[in-house]
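Feature annotations, courtesy of TrEMBL:
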| type | residues | note |
| --- | --- | --- |
| COMPBIAS | 478-499 | compositional bias 'Basic and acidic residues' |
| COMPBIAS | 501-511 | compositional bias 'Polar residues' |
| COMPBIAS | 512-528 | compositional bias 'Basic and acidic residues' |
| DOMAIN | 98-536 | domain 'Major facilitator superfamily (MFS) profile' |
| REGION | 471-536 | region 'Disordered' |
| TRANSMEM | 21-44 | transmembrane segment |
| TRANSMEM | 145-165 | transmembrane segment |
| TRANSMEM | 172-192 | transmembrane segment |
| TRANSMEM | 198-219 | transmembrane segment |
| TRANSMEM | 231-252 | transmembrane segment |
| TRANSMEM | 258-276 | transmembrane segment |
| TRANSMEM | 341-362 | transmembrane segment |
| TRANSMEM | 374-392 | transmembrane segment |
| TRANSMEM | 399-418 | transmembrane segment |
Amino acid sequence: MLTVDDVLKQVGEFGWFQKQTFLILCLLSAAFAPIYVGIVFLAFTPDHRCRSPGVAELSRRCGWSLAEELNYTVPGPGPESQCLRYEVDWNQSTLGCLDPLASLATNGSPLPLGPCEQGWVYDTPGSSIVTEFNLVCDDSWKVDLFQSCVNLGFFLGSLGVGYIADRFGRKVCLLATTLTCASLGVLTAVAPDYTSLLIFRLLQGLVSKGSWTAGYTLITEFVGLGYRRTVAILYQMAFTVGLVLLFGLAYILPHWRWLQLAVSLPIFLLLFRFWFVPESPRWLLSQKRNTEAIKIMDHIAQKNGKLPPADLKMLSLEEDVTEKLSPSFTDLFRTPNLRKYTFILMYLWFTSSVVYQGLIMHVGATGGNLYLDFLYSALVEFPAGFIILVTIDRFGRRYPLATSNLAAGLACFLMIFIPHDLPWLNIMVACVGRMGITIVFQMVCLVNAELFPTFIRGLGAGCRGNDAASSGDQGGHFARDHRGCREPAEESKTQRKQDLPSGSNIRTQHTGSRERCFAGDRTAEVKTEFSPFQKP
């Protein structure tokens with residue numbers, strides 16, 4: 001029987017049609033990056049302090065610099081500098097300009113502190129959901145909830161969207177999820193309050209991963225066997241391109257609403273191109289829609305400038321099936337082989353997701369420049385794809401997978417012993433770990449593509465996507481808690497002393513710089529070389 005791969009060998013395994021479709025779907029992969037790690041910039045937490053009425057007027061009257069104003073009017077050092085204020089009436093005329101609080105302290109007792117009842121002042125030229133909705137101090141947990149919503153959406157949507165892709169087709173799933181994702185992205189940008197922001201974020205999580213995985217499935221099912229691994233790796237590298245583009249957009253657009261619009265509106269343009277992408281002929285054959293599959297293969301031959309084989313009407317699926325196949329979650333565990341593969345890949349997704357997100361957050365928590373740290377951590381993903389392409393034919397799958405896991409684990413272990421006063425070394429080791437775990441992710445995606453049959457391809461990817469989303473969420477909470485306990489960088493502590501005029505009565509303050517970084521998982525699609533019901 002003539003299979004799709006047999007036809008592609010004659011009409012072109014990676015001809016003009018496949019190249020055009022691949023580039024279009026790579027744009028979708030890049031567009032997924034802002035949803036995946038957008039919290040790094042959307043929920044950035046800058047230095048902040050309590051807003052105290054009268055302080056600004058007193059500072060103008062006394063001619064204080066910002067460093068002097070912070071030294072005289074903000075308690076600290078420590079967390080109290082961000083979440084507490086002196087309970088002092090700064091409008092009273094008896095306050096002097098040189099250490100104004102000295103006259104209020106009686107018998108050397110400390111001045112009473114109170115909560116920030118008038119809001120906060122943020123030291124940033126831009127804005128984020130943190131600064132707009134005051135998600136700091138007692139409400140800082142709401143930032144974690146914001147990201148937890150998209151992860152919950154990943155969790156709930158992975159199996160559902162994967163089922164839709166297997167039941168109703170890759171193209172239908174791609175168009176529906178992409179349109180919904182783009183619309184929810186725009187609604188997020190105009191959300192009037194925090195509650196609606198959470199709702200839109202949750203709904204976007206429900207469909208966004210399905211859009212990415214549908215694109216992955218579609219392109220791997222259009223190309224021949226000899227190009228499948230290359231296309232799968234490059235499709236994931238397009239996600240890294242999206243990370244770099246996100247860095248540039250975030251640098252140009254420091255206000256979160258404009259940034260959210262900038263990453264959401266272009267997705268609508270992709271819909272016009274997706275409309276002309278045909279359905280997967282492999283999926284059509286699995287649904288016994290052979291006539292439509294034959295027409296699409298003939299279309300591919302025309303686009304590639306080749307003649308279709310004379311016996312094209314004999315086209316059939318690689319798997320030997322005699323009836324229409326319907327996907328079911330139980331199919332992932334139906335045979336001993338499938339059960340073994342499913343559980344192993346679940347575990348790999350689970351561990352990889354935790355390490356991947358933890359390393360990204362660690363890079364963002366080193367106290368350096370948020371934009372540069374994000375860029376460095378994104379750039380190290382590019383060599384990962386090339387390493388796989390070079391080594392996979394020579395060493396297979398298991399050795400690169402095991403070596404990369406070992407490198408990532410060793411990097412995480414070494415970071416425990418790196419002193420806090422060596423941030424550059426911390427970043428370097430974290431980037432090595434990031435590259436290692438990226439190789440693991442891409443290898444797992446590739447292995448997925450070689451183990452599962454066409455009719456449960458999306459379902460299999462969704463199953464592992466659930467693990468990655470939920471584990472990544474927990475990793476995010478752990479990394480955030482770790483950041484909250486870190487000590488301020490030594491150069492930040494001394495900077496305010498250098499800015500003050502000599503001879504001033506100085507009580508050094510530090511507001512700290514809390515930067516939130518997040519990234520997530522990427523799931524993949526699958527290809528089989530055996531029947532799902534084959535006995536071991």
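Glycine residues also receive a Cβ, built from the backbone N, Cα and C atoms like all the rest.
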Segment proximity, the transmembrane segment (341-362) to the transmembrane segment (399-418), 3 or more C-beta pairs under 8 Å: yes
Winner by Cβ pairs under 8 Å against the transmembrane segment (258-276), considering only 172-192, 231-252, 374-392: 172-192
Same-chain residue ranges lying at least 6 outside the transmembrane segment (198-219) that approach it to Cβ under 8 Å: 18, 21-22, 25, 28-29, 32, 35, 145-146, 149-154, 156-158, 160-162, 164-165, 170-171, 173-174, 176-178, 180-181, 184-185, 187-188, 191, 231-232, 235, 239, 277, 280, 445, 457-458, 461-462, 465, 469, 522-526
PLDDT averaged over every residue in the domain 'Major facilitator superfamily (MFS) profile' (98-536): 75
Chain residues in Cβ proximity to the transmembrane segment (21-44) (below 8 Å; excluding those fewer than six residues from its ends, i.e. six or more beyond): 124, 128-130, 135, 143, 146-147, 150, 174, 178, 181, 185, 204-205, 208-209, 211-212, 215-216, 218-219, 222-223, 231, 234-236, 238-243, 245-246, 249-250, 256, 259-260, 263, 266-267, 270, 273-274, 277, 360, 364, 370, 374, 515-520, 522
